[in-house]
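The following features are taken from TrEMBL:
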- 20-42: transmembrane segment (TRANSMEM)
- 48-68: transmembrane segment (TRANSMEM)
- 95-115: transmembrane segment (TRANSMEM)
- 153-172: transmembrane segment (TRANSMEM)
- 184-202: transmembrane segment (TRANSMEM)
- 236-255: transmembrane segment (TRANSMEM)
Amino acid sequence: MLEKTKKVFRIHNTTIRQMLAEALGTFILMVFGLSSVAQVVLGKGNSGQYLSINIAFGIGVTLGVYAAGRISGAHLNAALTITQCILGNISWKTLIAYVIGQFLGSFMAAATVFALYYDAIYIYTNGSFTVTGPTATAMIFSTYPAPNVSLQGAFFTEFTATVMLVLGILVIHDEKNNAATKGAQPMLTGILVLGIGLGMGLNTGYAINPSRDLPPRIFTAIAGWGMAVFTADHCWWWIPVTAPVLGSIFGVFLYKLCIDFHNYPVNETEHEKEQAGMETS
């Protein structure tokens with residue numbers, strides 16, 4: 001009985017550690033990312049440009065993965081976590097713990113950036129926090145589509161960008177293929193996110209992550225922007241939540257179809273070559 005109790009305690013302790021790791025990793029990612037957006041918006045383009053936002057998110061992803069990678073695997077993205085659960089790689093309890101950690105870290109990051117730039121936001125908006133208009137600031141914290149993009153186009157953008165994210169992550173981490181070395185994987189993941197932002201950020205701001213978009217949106221609803229953050233742009237908010245999940249699942253399917261289903265570990269292929277060589281001789 002005592003051994004069983006100890007085992008349950010160890011499992012709970014591990015889950016808590018993983019949840020905290022996801023929270024910290026996501027917090028680091030989001031503070032770098034959101035503060036860069038705040039600096040560009042509030043500085044009216046004089047303190048950074050679109051490129052600086054992409055670089056900051058890439059740096060945030062890199063450091064977040066370095067921070068949480070050994071403990072939780074550093075998902076930092078509810079779409080990735082849900083996909084891993086569907087594939088049977090993690091349990092439902094772990095899924096819940098990871099998503100709670102990610103949402104907590106993202107929410108606290110939004111609160112931190114809000115506190116950091118509160119004076120600048122207040123002066124920029126003259127005390128009126130709005131989602132649209134010439135002094136809109138809600139986009140500092142969550143994504144909103146470009147005015148010329150339809151909901152269908154926005155959905156397809158988020159779906160496709162997440163497919164590319166997942167394909168990139170699998171390429172970087174697949175040890176049966178040509179995986180990067182462990183120490184370089186976080187940096188390459190950050191570069192991957194930078195590339196997605198540079199190539200697919202125009203339409204929607206490349207949320208590609210429900211944990212990046214929804215918790216800050218909830219924060220802005222509480223902090224003074226109101227429910228307009230959910231109703232703006234034809235209730236756009238649900239697209240950065242659902243499209244990344246579907247894109248993540250499709251990305252895994254596509255990688256398995258094209259690479260994983262007919263790929264073998266390097267040591268197995270080398271062994272087959274040796275066997276073939278012996279048979280030939």
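First residue shown is number 1, and so on along the chain.
Glycine too: its Cβ is placed from the backbone N, Cα and C atoms.
Relative to the transmembrane segment (95-115), the listed stretch 20-42 leads the set 20-42, 48-68, 153-172, 184-202, 236-255 in CB pairs under 8 A. Here the transmembrane segment (184-202) sits apart from the transmembrane segment (20-42); fewer than 3 CB pairs are under 8 Å, leaving out pairs fewer than 6 apart in sequence. Below 8 angstroms of C-beta separation, residues 48-50, 52-53, 55-57, 59-61, 63-65, 67-69, 71-72, 74-76, 97-98, 101-102, 104-106, 108-110, 112-113, 116-117, 120-121, 124, 137, 139-141, 211-212, 216 of the same chain, each at least six residues beyond the ends of the transmembrane segment (20-42), sit close to that stretch.
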